[in-house]
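Here is the structure we will look at.
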Amino acid sequence: QVLAFRDIAPQAPTHILIIPKVKDGLAGLSKAEERHCEILGRLLYAAKLIAKQEDLDNGFRIVINDGPDGCQSVYHLHIHLLGGRQMNWPPG
């Protein structure tokens, strides 16, 4: 149901994109409807499994960019899994 691959312009030592295999109207998180609840949960669970495979035991960050102000550049919902270094806060 999901596909994961390494980002071509990584922002951390580990930077993996996780996308649903079927777009089903999910151009971004703001387009989600109740019928998307299962795939949204599947994306987050996949992120957890991938983080474990990548040995991100000390933690990781999940990012979903949405819309122009959220710096979304690809209009197919996707999750960024970032790790392998200390993440700063605030992220902006």
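Each Cβ is built from the backbone N, Cα and C atoms, and glycine gets one as well.
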Given ranges 6-10, 21-25, 76-80, 86-90, the stretch to which TrEMBL attaches the annotation motif 'Histidine triad motif': 76-80
Same-chain residues at least 6 apart in sequence whose Cβ lies under 8 Å from His78 (active site, tele-AMP-histidine intermediate): Leu17, Ile18, Ile19, Ile64
Folded-back contacts onto the motif 'Histidine triad motif' (76-80), same chain, C-beta under 8 angstroms, at least six residues removed: 7, 11, 15-20, 23, 26-29, 31-32, 43-44, 47, 61-65
